[in-house]
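Asker: Checked TrEMBL, it gives:
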type	residues	note
TRANSMEM	B:20-46	transmembrane segment
DOMAIN	B:84-297	domain 'ABC transmembrane type-1'
TRANSMEM	B:87-110	transmembrane segment
TRANSMEM	B:122-144	transmembrane segment
TRANSMEM	B:164-191	transmembrane segment
TRANSMEM	B:223-244	transmembrane segment
TRANSMEM	B:276-298	transmembrane segment
Amino acid sequence: MSTTTAPAPRRTAPALPRKGSAAAPRRTAWTPTLLLLLGAVYCLVPVVWVVTAATKSRQELFTTFTYAPGSGFWDNLAELSSYRGGVYWQWMANSALYAGAGALLSAAVSGVTGYALAKYRFRGRSTVFNVLLAGVLMPPITLAVPQYLLMSKAGLADSYWSVLLPSVLSPYGIYLSRIYAEAAIPDEVVEAARVDGAREWRLFRSVALPMMVPGLVTVFLFQFVAIWNNFLLPYIMLGDDHKFPVTVGLYSLLQQGANEPALYTLVITGALLSVLPLIALFLGMQRYWRVDLLSGAVKS
Amino acid sequence: MASPPPAARALRRRGSLAPYGFLGPAALLFTLFFALPIGFAVYLSLRAVKVKGLGLGSHARTEVWAGLSNYTSALSDSELLSGSGRVLLYGALLVPTMLGAALFFALLLDVPRVRFGAFSRLVIFLPYAVPGIVASTLWGFLYLPQVSPGYYLLTQAGMSGPDLLHGGGLYLAMANIAVWGGTGFNMIVIYTSLRALPAELYEAARLDGCSELQIALRVKIPLVAPSLVLTFFFSMIATLQVFAEPMTLKPLTNSMSSTWSPLMKVYRDAFVQGNVYSAAATSVVIAAATLLLSFGFLKLVNKRTNGGS
């Protein structure tokens with residue numbers, strides 16, 4: 001990742017004279033604070049459950065109190081790792097591949113498309129934007145069934161490509177990139193570079209792109225999450241469970257668990273491990289989730 | 001949406017081909033993975049298989065034109081209709097609850113002098129990182145009376161909990177999963193647009209003696225209305241496309257049929273019953289309904305905003 005991110009601009013410009021509020025005592029607003037914490041507790045209910053449940057052995061799962069930690073975490077982990085020759089870790093690696101490569105390509109395509117839509121006025125501009133956005137409205141199944149049949153004809157069904165390629169174009173990413181380019185790239189800067197004689201592609205590469213990096217990282221993250229969490233497309237495209245991403249893999253485990261409850265501990269442990277990479281991504285790249293970057297940047 | 005920048009005037013003067021070049025990759029991907037499959041789906045929806053004799057041998061099954069017969073059977077299919085009804089009911093529970101909560105939390109985050117704001121924001125956003133499959137698995141287990149802490153507490157208090165996995169409770173169960181998963185994301189979208197509002201707006205209101213609540217109701221909510229429209233729109237679309245969650249809950253309850261949502265029915269028709277033609281027709285109907293609903297909604301919004309001011 002690039003390090004060109006500017007420090008997040010504060011919205012409240014210090015230049016403004018603020019007589020009233022500046023003098024106000026800095027008391028904590030407790031009611032909103034507590035209500036927000038209540039919301040946070042609700043969001044943590046299943047998270048805390050999966051953490052404790054993953055520590056429970058098969059016997060403890062349905063017999064001990066929900067939030068009482070068990071004694072079987074390492075056994076569960078070992079059992080999950082050895083399940084069908086470690087196929088679980090293959091699923092995780094596949095998810096990383098689909099989401100990582102897909103999101104990278106997606107950010108690149110979104111960036112260049114969003115830039116063109118934001119910074120040029122040309123014939124068909126709004127039509128292009130509307131048609132791309134209409135892609136959001138297409139029910140994924142309306143696309144996935146014919147995509148599968150076409151992929152089969154091309155001999156690509158049940159391959160890595162069949163999941164990777166349809167994930168690259170992201171209407172939402174393009175939308176975000178366009179908004180970001182409009183806000184973050186001042187026309188004066190583009191014009192100045194153009195007067196200097198920069199060609200359009202070089203102008204994009206060396207002037208616009210660096211300014212768009214924080215926005216593109218955001219697009220990357222959103223798309224990474226979208227692909228990692230996607231279920232329908234890989235579920236339809238793939239038959240070979242060695243190519244499954246972790247969502248489809250866990251689903252297949254859960255299906256078997258309905259007949260073989262012994263697998264439930266594996267499902268739970270696997271569910272916990274499957275969200276850890278995304279949570280790490282959130283915590284590790286928090287500054288890129290600072291969506292307030294979207295404002296401020298070009299406010300003058 | 002934010003008002004378009006006044007500039008780009010200067011950029012137009014260079015009527016170059018550059019923007020078309022920049023749009024090339026997106027256009028190629030759109031053609032291959034959106035336009036072509038949609039066209040193919042429409043084509044398939046007009047076809048059917050005719051079986052000769054016993055349907056044995058390589059030439060016994062031939063594809064023929066079927067006209068609109070797939071559509072007439074799709075539209076008169078009671079399962080599609082009742083599936084749509086179920087999804088509408090589920091959406092009516094889900095969307096207002098989720099967006100209400102998202103707006104509420106976004107406004108709370110924007111209150112000055114809130115403590116642990118960053119922590120709450122992160123935790124409420126966290127479920128967004130959890131795949132629908134995993135979220136439904138976790139909640140699915142928590143809905144089981146022998147696992148759920150809620151049931152545990154109710155039993156201790158001598159009461160019995162509602163059955164969330166059968167009958168009407170299933171709608172609550174499903175809506176709760178989606179509220180849990182979606183509130184944080186929508187909260188961030190609304191919060192972002194709150195943060196984008198110039199601070200001077202509130203300064204004036206504060207100097208006039210407005211309370212934070214009044215500022216929220218009279219200044220903030222009207223100004224973030226566009227992002228509310230946006231989140232409502234996307235939530236509505238996502239609701240119609242619900243698939244992974246009911247698929248995951250299905251093994252836990254016999255109240256969930258394999259055609260609970262319209263998308264599940266398409267999946268079953270195409271891959272369990274092997275009738276891609278009827279599945280294609282149904283999926284085209286779903287797409288058309290989605291588009292119709294979306295454009296209707298956008299038109300309504302535009303009329304409102306144009307007529308209002």
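For all residues, glycine too, the Cβ spot is worked out from N, Cα and C.
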Asker: For the transmembrane segment (B:122-144), which stretch among B:20-46, B:87-110, B:164-191, B:223-244, B:276-298 has the most Cβ pairs under 8 A?
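Answerer: Counting Cβ pairs under 8 Å, the winner is B:164-191.
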Asker: Are the transmembrane segment (B:87-110) and the transmembrane segment (B:276-298) close enough to be called in contact, which here means at least 3 C-beta pairs under 8 A that are separated by 6 or more residues?
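Answerer: Contact between the transmembrane segment (B:87-110) and the transmembrane segment (B:276-298): absent.
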Asker: Which residues of the chain, 6 or more past the ends of the transmembrane segment (B:276-298), have a CB below 8 A from one of its CBs?
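Answerer: Non-local partners: 38, 41-42, 44-45, 47-49, 66, 70-71, 73-75, 77, 80, 84, 233, 236-237, 240, 262-263, 265-267, 269-270.
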Asker: Below 8 angstroms Cβ to Cβ, which residues of this chain, lying six or more residues outside the transmembrane segment (B:164-191), approach it?
Answerer: 86, 89-90, 93-94, 97-99, 101-103, 105-106, 109-110, 121, 124-128, 130, 132, 135-136, 139-140, 143-144, 224, 227-228, 230-231, 235, 238-239, 242, 245-246, 249, 252-256
